[in-house]
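Peer 1: Just passing along the structure, written as structure tokens.
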Amino acid sequence: MKYKDLRDFLAQLERQGELKRVAVEIDPHLEMTEICDRLLKAGGPAVLFEKSRGHDIPVLGNLFGTPKRVAMGMGQDSVEALREVGKLLAYLKEPDPPKGLKDAWEKLPVLKQVLNMAPKELSRASCQEIVWEGKDVDLGKLPIQTCWPGDAGPLITWGLTVTKGPHKTRQNLGIYRQQVIAPNKVIMRWLAHRGGALDFRDFTLANPGQPYPIAVALGADPATILGAVTPVPDSLSEYQFAGLLRGAKTEIVKCLTHDLQVPASAEIVLEGYIHPDETAVEGPFGDHTGYYNEQETFPVFTIERITMRRDPIYHSTYTGKPPDEPAILGVALNEVFVPLLQKQFTEIVDFYLPPEGCSYRMAVVSMKKQYAGHAKRIMFGVWSFLRQFMYTKFIIVTDDDVNIRDWKEVIWAITTRVDPARDTLIVENTPIDYLDFASPVSGLGGKMGLDATNKWPGETSREWGKPITMDEVVKARVDGMWTDLDL
């Protein structure tokens, strides 16, 4: 099913029992985090806090707290169907040349669909029904959560940050947390390799001393939100990809402050600039690792206007020890990653990011091994293929007889097929998440690969063990008598 905006999505969730309303007054300071954390860990519904203490605006939480709701947001009926999204992305990333006229004809609808998905710019939009400017700009009037007791202050978590580089034709959408430090100022925490930070760097080099335009959209439609966290090919904008998911063009509107374009149906939009050399120390905040992060310096975003729909909804989340909402997103997007990896490495059978691994820090891969040393090739391939995996610290590779989504089987493979000295690959001084305080240097650390495959000649001089399996005829015979055994 497709959704024109966030409210359309919420109405469908409510019809299916996937959204509950809370009429009791709840404090955005800590209380909402505790409620959403309990709901998520129980596989519970999204929640709309209708009365946020001290505010007139309701708060939406736990929206993508189950893989099912992530799939629904992408317009799919099931988590398994997300593989089709991955296949589409794999094709768009590296299109196969047609094998003949028939093949070209079959691929034509996909190509036409992509070409027709350029966003549609509107002259007026619902996200600009109400405008705060000048002294009316006050983030304190928004029910921004303070998530954990040790947090430095309120934190905007689900904002889609819109940026544009000086040499790019398309805009970039990214999700970066933003600490509120004044009624009209937030700290824009983006890592140096992320799209928004790269756009900002290129702009400052090309336009020294000039303020950099920024917009942040809160409460966009689900396809646009999820498009911002999906590995979209560089040749495709997130707005185009959202249009593909939705089956209709993404409607956008030009900001009132500058020329950036934002989702027309967004609930709330922050417009403004990053001024040259204005930075601030960010944090600490509880993060998806389950720890408070170190303080670091990032640019300050000064907000000149806040626009919104009538009766807006504030979309929020928290991050904490997994599982949290980013971890659940990782579980669902895992299915998108599989076809992308299989396109590049046809020997890969399955790929799994355990949610306990903070969304991306550990990966398990099963493969059809073809030669000695093959597992190490896959390790380096995963680390280098997608930007999402450059921070993956641990990769375990198994044969395709192992169900890598069952930890019992993975541990069996590790304990029976791994020699620590031979099968452990250590790579030093590689890019690591800045939030990873276990690394000896901020942003730089080691990676480890475990080869838990059966070993081939050249990898061992010993006769390799043969797994025990029961005769299929005997299994079938016992199946037939099982009911009569009354066991």
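Using N, Cα and C of the backbone, Cβ positions are placed for all residues, glycine too.
Dumping what Swiss-Prot says about this protein:
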ACT_SITE  D287  active site, proton donor
BINDING   N172, E238  Mn(2+) binding site
BINDING   I175, Y176, R177, R189, W190, L191, R194, G195  prenylated FMN binding site
Peer 1: Suppose the prenylated FMN site is I175, Y176, R177, R189, W190, L191, R194, G195. Which further residues of the same chain have a Cβ inside 8 angstroms of that site's Cβ centroid?
Peer 2: T161, G174, M188, G196, A197
Peer 1: For the C-alpha pair, I'd like the distance in angstrom between R189 (prenylated FMN binding site) and E238 (Mn(2+) binding site), rounded off.
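Peer 2: A Cα-Cα distance of 20 Å.
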Peer 1: Just to be sure I understand the packing, how many Cβ atoms besides its own are within 10 Å of the Cβ of R177 (prenylated FMN binding site)?
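Peer 2: Other Cβ atoms found within 10 Å: 22.
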Peer 1: Should G195 (prenylated FMN binding site) be counted as helix, strand, or coil on the basis of DSSP?
Peer 2: helix
Peer 1: Counting other Cβ atoms within 10 Å of each residue's Cβ, which of the binding-site residues R189, R194 comes out lowest?
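Peer 2: Sparsest of the binding-site residues R189, R194 by Cβ contacts within 10 Å: R194.
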Peer 1: In Å, how large is the greatest distance between any two Cα atoms among I175, Y176, R177, R189, W190, L191, R194, G195, the listed binders of prenylated FMN?
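Peer 2: Taking every pair among I175, Y176, R177, R189, W190, L191, R194, G195, the longest Cα gap is 14 Å.
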Peer 1: Please report the number of other Cβ atoms within 10 Å of the Cβ of W190 (prenylated FMN binding site).
Peer 2: 21
Peer 1: Taking the Cα of N172 (Mn(2+) binding site) as the centre, which of the recorded positions listed as W190, L191, D287 lie within 10 Å of it?
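Peer 2: Cα filter at 10 Å returns nothing.
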Peer 1: What does DSSP call I175 (prenylated FMN binding site) in the simple three-state scheme?
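Peer 2: Where I175 (prenylated FMN binding site) sits, the three-state DSSP reduction gives strand.
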Peer 1: Quick one: of E238, D287, which of the recorded positions has the smallest count of other CB atoms within 10 A?
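Peer 2: If we count Cβ atoms within 10 Å for the recorded positions E238, D287, the smallest count is at D287.
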Peer 1: Return the residues near I175 (prenylated FMN binding site), defined as same-chain residues 6+ apart in sequence whose C-beta is under 8 angstroms from its C-beta, sorted by sequence, else 'none'.
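Peer 2: Residues satisfying the criterion: W158, G159, L160, T161, A228, V229.
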Peer 1: For Y176 (prenylated FMN binding site), write down the residues of its own chain that are at least 6 apart in sequence and whose Cβ falls under 8 Å from its Cβ; none is a fine answer.
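Peer 2: Same-chain residues close to Y176 (prenylated FMN binding site) (Cβ under 8 Å, separated by 6 or more) are G159, T161, M188, R189, W190, R194, G196.
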